[in-house]
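For reference, the structure discussed in these notes is given below.
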């Protein structure tokens with residue numbers, strides 16, 4: 001009887017550990033929509049999300065993050081950090097007056113509309129890589145850091161047998 005109790009306790013502890021990892025450490029998110037194309041594809045791509053980053057508020061420019069937005073989650077790239085000024089002018093992005101190079105974008109990608117925004121100290125500015133088809137900070141404003149679920153660190157697609165580091 002005592003051995004059965006220990007076996008059940010082990011199973012319970014493993015179950016609790018798995019739940020804690022899923023809630024606090026990592027998660028798997030399915031990519032929906034085309035706003036991050038070609039970096040992430042709508043069909044069959046999934047990302048592994050580092051959820052513990054949400055407790056550190058430590059995001060870097062270029063990170064791909066998952067944001068809680070009303071009734072859905074969106075995946076976007078961090079462009080601007082707290083207290084920075086983002087200016088979009090003639091399809092170029094400037095951060096605090098300096099031209100921001102985006103090597104992950106094809107030269108044909110245009111960034112509109114022209115705008116300037118000062119990012120609050122508790123927020124970041126995000127955009128999708130597919131700029132013409134993205135609901136992002138250009139239309140919804142800066143994203144509060146508290147609304148970030150975590151950082152996407154790997155992309156995988158089991159159908160195409162792809163596993164990529166997103167850093």
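Just so it is clear, glycine is given a Cβ too, placed from its N, Cα and C backbone atoms.
The structure displayed is predicted, hence computed values, not measured ones.
What TrEMBL lists as active site is 35, 76. Per TrEMBL, the feature domain 'Peptidase S26' maps to 9-155. Summarising the annotation, TrEMBL assigns transmembrane segment to 12-31.
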(request) Between the Cα atoms of residue 76 (active site) and residue 35 (active site), find the distance and write it as a whole number of Å. (result) 8
(message) Considering every residue in the domain 'Peptidase S26' (9-155), what is the mean pLDDT value?
(response) 90
(request) Sort the residues of the domain 'Peptidase S26' (9-155) into helix, strand and coil with DSSP and give the three counts. (result) 32 helix, 55 strand, 60 coil
